[in-house]
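J.: Look at TrEMBL and you will find ARG46 tagged as pyridoxal 5'-phosphate binding site. Look at TrEMBL and you will find ARG68, SER69, GLN76, ARG284 tagged as substrate binding site. Among the features that TrEMBL reports, tRNA binding site is placed at ARG242, ARG369, LYS434. Summarising the annotation, TrEMBL assigns N6-(pyridoxal phosphate)lysine to LYS255. Positions annotated as region 'Disordered' by TrEMBL: 433-456. Marked as compositional bias 'Polar residues' by TrEMBL: 443-456.
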Amino acid sequence: IIIINIIIKGKCPEDGWDESTIELFLHELAIMDSNNFLGNCGVGEREGRVASGLVARRHYRLIHGIGRSGDISAVQPKAAGSSLLNKLTNSVVLDIIKLAGVQTVTNCFVVPMATGMSLTLCFLTLRHKRPKAKYIIWPRIDQKSCFKSMITAGFEPVVIENVLEGDELRTDIKAVETKIKALGAENILCVHSTTSCFAPRVPDRLEELAEICANYDIPHIVNNAYGVQSSKCMHLIQQGARVGRIDAFVQSLDKNFMVPVGGAIIAGFNESFIQEISKMYPGRASASPSLDVLITLLSLGTSGYKRLLKERKEMFSYLSSELKKLADNHNERLLDTPHNPISLAMSLKNLDENNDAAVTQLGSMLFTRQVSGARVVPCGSVQTVNNYTFKGFMSHSNDYPCAYLNAASAIGIKKQDVDVFLKRLDNCLKTSRKKAKQEKSVTEISNSNTGTEQLE
């Protein structure tokens, strides 16, 4: 009955299924594909033949992938089970996006590419609608894949520097509108904004950007990489679509649903435009990302996913309060970034003042002590990406006032993760400070001896 219900309704079940039920469901889908028919005679170049039994079992014998050569969302006649899997996954994911806060979304599909390449697919689709356009307006975020997504699509990013408000880096709305007027709206492919990001940068002002896009008739693509897990990010998208224009928003599967890297969701409010994007994808595609996320959501159910979202938010509050205590103990401070609902930043001014290399050494120390995901950002680093030079790279600003360390409360994080991280960070900071003082003393003694020799 529960299997029939999901096929009829196309919604995520409220209560998660057990593993045996999920496996039964997948086997039922697999026997609908021609490569699993008894007595099947395949004479084509792609017949779902698999040499390794291990590979076949890994994919539950769903070998044909999804889509057809002209449309990733199209039904494949000889792969009815894989096609049904694809349709169900897209429907269940749409249900979860609505549950997470974007209630008026009309269409979405899972694409077997990570966020950067999925953004590229959106830009390439817009090319046909705006053949004269060659620029993309991009409020700066120092993350290589979203920058390269525009370059790969053949467009010229127009970087809009953020403005510093307190500790936060926020969207410069005036600069966006000024640049649109200077370049001419018809020459701009779209505005490429961001929700989820590393503090002290905070989500873009989506409502204001959406209004500008509507006023100037410019498309608006949102990089919502790990924003599904944040009610604040999803609210910004919903509000942006309500007051202005958002054509598509793209989110990662691994970051939001705890599945292996390799998939993303492209969603939007205009069903025909999202269909255009799916038709732009050349050829068929791997069913693995769709299979992974469907299995995950069936095992969690809506109640399980809601629980994970609630726990993440609680862990964010806990991480914030405990990191503030630790910062105070080391004469640092937790940067005030109330508009960022996932990432936090702690200043490293004392390390930076004692020794320029001490900041990057802290990052190495944490990594060797098995702390993953924490980012240590020094002042003034310069990096060139596709011939564009970013000053203060990783800090989203040419000259952010201080070095800092990032930590995030993402979906699936546990209290134990936070406690172990804080303990190891505390030890590393003590070690770094002690080492910096020793090096400073050695330098002072060396300088003193040099001065004595000169006097003699």
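Placement of Cβ uses the backbone N, Cα and C atoms for every residue, glycine included.
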J.: Output the one of ARG46, LYS255, ARG369 that, of all these recorded positions, has the highest number of other Cβ atoms within 10 Å of its Cβ.
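T.: Comparing the recorded positions ARG46, LYS255, ARG369, the most crowded Cβ belongs to LYS255.
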J.: Same chain only, sequence gap of 6 or more: which residues have a CB within under 8 Å of the CB of ARG68 (substrate binding site)?
T.: ALA74, VAL75, GLN76, ARG284
J.: Between LYS434 (tRNA binding site) and ARG46 (pyridoxal 5'-phosphate binding site), how far is it from one CA atom to the other, in Å?
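T.: Cα of LYS434 (tRNA binding site) to Cα of ARG46 (pyridoxal 5'-phosphate binding site) measures 64 Å after rounding.
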J.: Looking only at ARG242, ARG284, LYS434, which of these binding-site residues has the biggest number of Cβ atoms within 10 Å around its Cβ?
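T.: Of ARG242, ARG284, LYS434, the one with the most crowded Cβ is ARG284.
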J.: Name them in sequence order: residues not among ARG68, SER69, GLN76, ARG284 whose Cβ is within 8 Å of the mean position of the Cβ atoms defining the substrate site.
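T.: In sequence order, the nearby non-listed residues are GLY65, ILE66, GLY67, GLY70, ASP71, ALA74, GLY283.
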J.: Within 10 Å of its Cβ, which one of these binding-site residues (SER69, GLN76) has the largest number of other Cβ atoms?
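T.: The largest 10 Å Cβ neighbour count belongs to GLN76.
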J.: Work out how many Å separate ARG369 (tRNA binding site) and ARG46 (pyridoxal 5'-phosphate binding site) at their Cα atoms, rounded off.
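T.: On Cα coordinates alone, these residues lie 48 Å apart.
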J.: What is the interatomic distance between the Cα atoms of LYS255 (N6-(pyridoxal phosphate)lysine) and ARG242 (tRNA binding site), given in whole Å?
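T.: Rounded to the nearest whole number, the Cα-Cα distance is 26 Å.
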J.: Among ARG68, SER69, GLN76, ARG284, listed as contacts of substrate, what is the widest Cα spread in Å, to the nearest whole number?
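T.: This binding site's residues have a maximal Cα-Cα distance of 10 Å.
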J.: How far is it from ARG242 (tRNA binding site) to SER69 (substrate binding site), counting Cα to Cα, in Å?
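T.: The Cα atom of ARG242 (tRNA binding site) is 35 Å away from the Cα atom of SER69 (substrate binding site).
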